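Working notes, structure below.
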Amino acid sequence: TKISFEDKHPCSSQKYGSVSHETAEGDIPSADAGIKSSKRAYVAVAVLCYVNLLNYMDRYTIAGVLPSIQNYFRITDSTSGLLQTVFICSFMLLAPAFGYLGDRYNRKVIMVAGMIAWIVTTLGSSFITEEYFWVLVLMRALVGTGEASYCTIAPTIIGDLFIGSQRSIMISFFYIFIPVGSGLGYILGSKIASVTGDWHWALRLNPILGVPGLLLLVFLMPNPPRGASEMQGSVCIEHTSYLEDVKYLLRNRSFVWSSLGVTAMAFVTGALAFWTPTFLSRARVKQGIMPPCVKEPCDPSDSLIFGVITVVTGIMGVFVGTAISRKLRDRLPSADPIICAVGMLSSSPCLFLAIVLAGTSIPVTYTFIGIGEVLLSLNWAIIADILLYVVIPTRRATAEALQIMVCHLLGDAGSPYLLGIISDVVSKLQATSLEWRFHSLEYSILICPFIGVLGGLFFLFTALYIKEDRRAAEVLAIGTAGLRTVVSAGV
């Protein structure tokens, strides 16, 4: 099968931004495709879920073996945080470009190209020697290039394959692999490093598993017309400028406030995901449970435990959040942002208690971490679904890209590095004290619960506008039967 970079069908004479009721030859309308179309859509979601799993496994493998990396390269907390920051920065900066391409060109080709780049750079980063830490930093930045192409586009394909409650279910399955992949990154990364005695091997598993993922994308992934689910598989697109797209999104109050809420959530989850295993390891040293790590591989216990907790609580949170949303959405139009607000606001005191009690009781700390992660995970699928139903189909990839850029720019791009800097500054007050090394990281992590409260407030503001903005998106996307709805900056 020859893959063309542009969508080829009779509607190609139409321009981006308009939606008509003409059926594109070669595109299978959902009303006629029956079981065959449904099966292909479900297979597509399964492939996207597998690649999403690998993306998040790779993202947190570094965190799972961070003490070993610190010893190997002899780097400080702030320098360690830079590994995650450069990855997120490249991911963030390139997301708008891929969003622009994803709203205009063949999304399958873009994802395949990104997957190839991800496999090559991830594998390359596993061969860095002790003298070339800067090369590891560079390779981690390039890994973000591959992930940006995939994460920006994949949710929009699901949005074009399903609609309504079925879309919510598929989105929940897709986003459940964020905590599952993150947890497996800790577990497998630390375990492989422990078994082989070399943390480099922990980075090699993901690109190996990525090869079958690439083949699945090439042979099993469709490229549905944008808005196909809303328009029964038959849409035509009219071009609008990128500036018009951005203006439309900035006027969408639900999109703006929910993006700020996602940003606060990204700050909290990014910082905690990167630093928690190391923080708990230092807590054990402070309590005298284990000696400090002086030679890699370091004790992987906390990475393993935290990984298991992340997987279990992530699955629970996503399913519970989706179930509550489906039950309340018809009766309460603002249910989704309210659920997100409750999740953020109620998780903050749990995370605060987990942090302040880490120095005295590891089991109690893990208990509060588990409760906090369940509450945070309520939001994963819901925030994605909010974007899909308040933004018209032809601007979803751009919306995904802008949301990714903002939430990483102000969220997890800087939070691991910021916490590392604060920890380094505080630790200099008693540079030789192992106990103070624990407290320095503890004081820096305490920022997170307060940012979580701010995120909850942003979602409450989203609830004020969600009904109006959702209805406006539906009117623009569906239009009136037999007529063409032209989307422009003046609508």
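Each Cβ is built from the backbone N, Cα and C atoms, and glycine gets one as well.
Just so you know, TrEMBL annotations never went through curation; they're auto-generated.
Under the heading compositional bias 'Basic and acidic residues', TrEMBL lists 1-10.
What TrEMBL records for 11-21 is compositional bias 'Polar residues'.
Per TrEMBL, domain 'Major facilitator superfamily (MFS) profile' is recorded for 44-467.
Under the heading region 'Disordered', TrEMBL lists 1-23.
Here TrEMBL flags 41-62 (among others) as transmembrane segment.
Here TrEMBL flags 82-102 (among others) as transmembrane segment.
Among the features that TrEMBL reports, transmembrane segment is placed at 109-128 (among others).
The transmembrane segment annotation in TrEMBL covers 134-157 (among others). Away from its own ends, the transmembrane segment (134-157) comes close to residues 44, 48, 51-52, 55, 58-59, 62, 73, 82-84, 86-92, 94-95, 97-99, 102, 107, 110-111, 113-119, 121-122, 124-125, 128, 171, 174, 221-224, 226, 384, 387-388, 393, 396-397, 400-401, 404 of its chain (Cβ-Cβ under 8 Å, at least six residues beyond either end).
Summarising the annotation, TrEMBL assigns transmembrane segment to 169-189 (among others).
Per TrEMBL, the feature transmembrane segment maps to 201-221 (among others).
Under the heading transmembrane segment, TrEMBL lists 255-275 (among others).
Annotation comment: TrEMBL describes 304-325 (among others) as transmembrane segment. Beyond the ends of the transmembrane segment (304-325), by six or more residues, the same chain brings 64, 168-169, 172, 175-176, 178-180, 182-187, 190-191, 273, 276-277, 280, 335-336, 339, 343, 366, 369-370, 373-382, 385 to within a C-beta distance below 8 angstroms of the stretch.
Distant neighbours of the transmembrane segment (337-362): 254, 257-258, 261, 264-265, 268, 272, 279-280, 283-284, 286-287, 289, 317, 321, 324-325, 328, 368-369, 371-373, 375-379, 382-383, 386, 438-439, 442, 445-446, 448-450, 452-453, 455-457, 459-460, 462-463, 466; these residues of the same chain sit at least 6 beyond its ends, with a Cβ under 8 Å from one of its Cβ atoms. Per TrEMBL, transmembrane segment is recorded for 337-362 (among others).
The transmembrane segment annotation in TrEMBL covers 368-392 (among others). Same-chain neighbours of the transmembrane segment (368-392): 155-156, 159, 167-168, 171-172, 174-176, 178-179, 227, 249, 252, 254-255, 258, 261-262, 265, 268-269, 276, 306, 309-310, 312-314, 316-318, 320-322, 324-325, 336-337, 339-340, 342-344, 346-348, 350-351, 353-354, 357, 399-400, 403, 452, 462, 466, 469-470, 473-474, 476-477, 487, counting only residues six or more beyond its ends whose CB sits under 8 Å from a CB of the stretch.
What TrEMBL records for 404-423 (among others) is transmembrane segment.
The transmembrane segment annotation in TrEMBL covers 443-466 (among others).
Here the transmembrane segment (255-275) has long-range neighbours at 60, 63, 66, 81, 84, 88, 182, 249, 310, 337, 340-341, 344, 351, 376, 379, 383, 386-387, 390-391, 399, 402-403, 406-408, 410-413, 415-416, 418-420, 441, 445, 447-449, 451-452, 454-456, 458-459, 461-462, 465, 469, meaning same-chain residues at least 6 beyond its ends whose C-beta is under 8 angstroms from one of its own. Contact counts against the transmembrane segment (169-189), taken as Cβ pairs under 8 Å, peak for 41-62 among the stretches 41-62, 82-102, 201-221, 404-423. Outside the transmembrane segment (109-128), and at least 6 residues removed from its termini, the chain residues within Cβ reach (under 8 Å) are 3-5, 51, 55, 58, 98, 101-102, 135-136, 139-140, 142-143, 145-150, 153-154, 200-204, 206-208, 210-211, 213-214, 217-218, 221.
Counting only same-chain residues 6+ beyond the ends of the transmembrane segment (404-423), those with a CB under 8 A from a CB of the stretch are 76-82, 84-85, 88-89, 91-93, 95-96, 99, 148, 151-152, 259-260, 262-271, 274-275, 440-441, 443-445, 447-448. Counting same-chain residues at least six beyond the ends of the transmembrane segment (82-102), those with a Cβ under 8 angstroms from any Cβ of the stretch are 59, 62-63, 69, 110, 114, 136-138, 140-145, 147-149, 151-153, 156, 242, 270, 274, 397-402, 404-405, 408-409, 412-414, 416-417, 420. Residues 253-254, 257-258, 260-265, 267-268, 271-272, 275, 279, 333-334, 336-338, 340-345, 347-349, 351-352, 355-356, 376, 386, 390, 415, 418-420, 422-423, 426 of the same chain lie 6+ residues outside the transmembrane segment (443-466) yet bring a C-beta within less than 8 angstroms of a C-beta in it.
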